[in-house]
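So the structure is just underneath, and the comments pick up after that.
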Amino acid sequence: MEILWKTLTWILSLIMASSEFHSDHRLSYSSQEEFLTYLEHYQLTIPIRVDQNGAFLSFTVKNDKHSRRRRSMDPIDPQQAVSKLFFKLSAYGKHFHLNLTLNTDFVSKHFTVEYWGKDGPQWKHDFLDNCHYTGYLQDQRSTTKVALSNCVGLHGVIATEDEEYFIEPLKNTTEDSKHFSYENGHPHVIYKKSALQQRHLYDHSHCGVSDFTRSGKPWWLNDTSTVSYSLPINNTHIHHRQKRSVSIERFVETLVVADKMMVGYHGRKDIEHYILSVMNIVAKLYRDSSLGNVVNIIVARLIVLTEDQPNLEINHHADKSLDSFCKWQKSILSHQSDGNTIPENGIAHHDNAVLITRYDICTYKNKPCGTLGLASVAGMCEPERSCSINEDIGLGSAFTIAHEIGHNFGMNHDGIGNSCGTKGHEAAKLMAAHITANTNPFSWSACSRDYITSFLDSGRGTCLDNEPPKRDFLYPAVAPGQVYDADEQCRFQYGATSRQCKYGEVCRELWCLSKSNRCVTNSIPAAEGTLCQTGNIEKGWCYQGDCVPFGTWPQSIDGGWGPWSLWGECSRTCGGGVSSSLRHCDSPAPSGGGKYCLGERKRYRSCNTDPCPLGSRDFREKQCADFDNMPFRGKYYNWKPYTGGGVKPCALNCLAEGYNFYTERAPAVIDGTQCNADSLDICINGECKHVGCDNILGSDAREDRCRVCGGDGSTCDAIEGFFNDSLPRGGYMEVVQIPRGSVHIEVREVAMSKNYIALKSEGDDYYINGAWTIDWPRKFDVAGTAFHYKRPTDEPESLEALGPTSENLIVMVLLQEQNLGIRYKFNVPITRTGSGDNEVGFTWNHQPWSECSATCAGGVQRQEVVCKRLDDNSIVQNNYCDPDSKPPENQRACNTEPCPPEWFIGDWLECSKTCDGGMRTRAVLCIRKIGPSEEETLDYSGCLTHRPVEKEPCNNQSCPPQWVALDWSECTPKCGPGFKHRIVLCKSSDLSKTFPAAQCPEESKPPVRIRCSLGRCPPPRWVTGDWGQCSAQCGLGQQMRTVQCLSYTGQASSDCLETVRPPSMQQCESKCDSTPISNTEECKDVNKVAYCPLVLKFKFCSRAYFRQMCCKTCQGH
């Protein structure tokens, strides 16, 4: 009853909000009068308005103050409508005292339904009527639910423990309802839900659909996913990324578009209700805990196309239709809203767009076929790729839409590039490449969970982080199978004449009559809530593919985090590694639609932070060297770390030693690898994570100017100077001595010159630019630290090191021309009593602007706030400054101009053949990034470099032998049960060679004999032979023949009917010779006459003929 109430609350507002189109909500009846004739029973009642105690107030039940408001007006004032109402009515021998409260949170102010003609939007409504109420029956609060609207009288449902009652105003057929008199009350019709006859209420299915029985075809009888066109994720995004491995709630604000074919098929009266019912199922699928993330599908905008749009081409060709739709939806994307506010134009922003069409779409051609969905892989949050096209096949379309949105989230098919759905692993689920009766489309596989988690953790779903101020659509909790029964679900798929034709496993597969009157299935389960029956359950309904007792629904249990696992093995043995710990959402595990856990699911900590022994190989260098024995483009190289600019710090970029190129050998270094040599920050999961100077991951500990972790800068003195002595050219001159233990060393020319900075030890051993030899600018490991020698072409040269130095050093200059001046500064250690806190003050300061996070298309610069000493402006730990006075960090946009065009290269799609040579393709696009999360597609001519290949051969290896079956023989015997036989050979893939049977897998060998029957065999029958010779050579005699009872096989049988047995003997007559026998002849019986004894017996001897033939017998008689 709770479910029914929530659904009817939703349906009621939907009906009333669409009253500008049709005042009558029964979708196939031309009048209320006609509808009432189809009710088994109903009653009339006159409701009255009363107070809380039931005392009469008025006959007026209509809300005179309600009005439809546009978003451009002031927000609705709840005081304009009565927030609390009480009504009384009587029917079916019962009295109903209604206690109602105004429902102001039914839908968000974002949600609109728009109807578009050829010139764009024609009409829209936004559900802002102030006349929707929910409540209960007075004194029965816990057992009753009421959802009513009084926009034009009482319209809605009253749900009690034993029955649901529908109530609506009785229409006045003689007067305009606006002028109807309420002085004596307005009659209303009330009827029970049980009075509704089970018949098809929707007569608008005039667009026929083709029959299809697509068992075993790709997803929902074929799904296609285009490759990802997204740019690699890098540091050009302006959004702050969420910490990895953290479960947070996401909100997918969705635009749903129905084409004119949908309007023609479902009719304007039902299109909104139907689409939102489908999206309700989609939302529920994404709320399933098996997804491993909390994702809310929110319908922010519904567009119903009543005519073709000028810039939108929708037809059977799925690829072209998707491309057109993605561009079109981007063109109408509201940029005035960020998802948290209501835009001035009243149009809601959307993150994802869904097109639903009645076209029988097909990928790669403009003809009908089995394709049901098409989407861009990993396109979510990219304005031109966060979209999908879906063929409407009834409520089962929800599974298609959820599947295609899954592709937008970066999911691949189960079993394609992963183990899910393969032998020995968990069964394929909602992302199955092929749907069968064994597929469970109500939940997600572990592979799908990993794909979406990786997508969201990588920062590509940041557009989903903003939570709308209110849920854009309050989905009904009622099961869709209760709204649309099995027959109606069949009609959605196969047309108005279809109905359910198999009733066994309806929760697993819905079988329907097609137009050709065949019982077919798409292997799509019936919607949840569809009535079912089993041997153990007399009346049940479907729940997640199973038949459960009617009315039962698992209790919703939200998930809770389990305990953290033990810390895992450290990623490094020294030098600072990372260890991780996991926890699972299983205490309890979410069930019955309960929410998945929010919060951190994986945590990290530093480990083995002690320095590696002297002489140890650099950790990044070792990772590059691991590729020395792996061929690269057919050759072997020795690889060294590439430390130049323009690459991701946590990708393993290696330089081919002795060659002028580098490449990315791995997308991520091993966890614990330093992001760069001069930072303690380390890489985790391919991202740079901050490490404090205490070597603790995420620590705020900071080095002071003396490189003391957490210090206040009091253990060293700052040395600064300017060397501008005029010196003779052509030799080395000393600039400054740097004592042992010095830190933050900087030596820099004040202007460009032909002179060179050099560095040597106290013992005159040159480390940089010695012996009149000029070194290439690079990093030099000297005195226990790294000196960076830089000589740009357009700037003065410099020498820098963090220190501390392990020996005394001397900075020299090799003079080739006049000394223009050299500045130097460094900090030297001192011995001081106390911390220095009383000698110097500290203050917050903004650091200089950071480098722009992107070179083009919009980046961000930040000014970090640090704590500094007042005496020398050096940075110290934050705890030395007053936390209450800390100013906010500054941020500004930078480099907003579009990026140069570049090629986007998508992932290779599956090979067209698994062996014997196939082809594989990938998407190659010329794109230009024009914003932090937005790019545009250009013509190929826009990119100046060579166009990458889009197609290449694959799987050229020979296929293994395979079984080939020849044609079946005829059925033997010709009737009754028998067998057909055929020859099965082990052949090569091209069928040119025959191999021994042992070379083909025995388990996959096709059968060589099957049972058959050509119909019932005929019954046994009497079979007669030819008649024998007549027994008399002259006159009458006898003929004999064989008579046998034989089966259809020719075998003797005793099953023939004696009553129809043919005679085996008959009388015959032979022609007699007329020449008389002479008296001299011997008197004897003619040999051929066998009946002479009968002649004597019947006294025929007196006759001349018989006496002559039987002379001997007749002698003496």
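Going from the start of the chain as shown, residues are counted 1 onward.
In case you wondered, yes, glycine gets a Cβ from its N, Cα and C as well.
Looking at C911, C915, C943, the record from Swiss-Prot puts C926 in a disulfide bond with C943. Distant neighbours of the domain 'PLAC' (1079-1117): 1031-1038, 1072; these residues of the same chain sit at least 6 beyond its ends, with a Cβ under 8 Å from one of its Cβ atoms. Counting Cβ pairs under 8 Å to the domain 'TSP type-1 4' (962-1007), the stretch among 250-468, 495-557, 558-613, 1018-1073 with the most such contacts is 1018-1073. Among the recorded positions listed here, namely H403, E404, H407, H413, H403 has its C-alpha nearest to that of C507 (disulfide bond). Cα of C532 (disulfide bond) to Cα of C542 (disulfide bond): a span of 7 Å. For the recorded site, C607 (disulfide bond), the DSSP three-state label reads strand. Note on the domain 'TSP type-1 2' (840-900): its mean pLDDT in the predicted model is 89. Around the Cβ of C420 (disulfide bond), the same chain contributes D414, E426, A427, A428, K429, M431, S445, A446, C447, S448, each under 8 angstroms and 6 or more positions distant in sequence.
Neighbour density around each Cβ, counted as other Cβ atoms within 10 Å, peaks among the disulfide-bonded residues C915, C954 at C954. Only C387, from the disulfide-bonded residues C387, C547, C570, place their Cα within 10 Å of the Cα belonging to E404 (active site). Reduced to three states, the DSSP call for N956 (N-linked glycosylation site) is coil. The separation of C612 (disulfide bond) from C387 (disulfide bond), Cα to Cα, is 51 Å.
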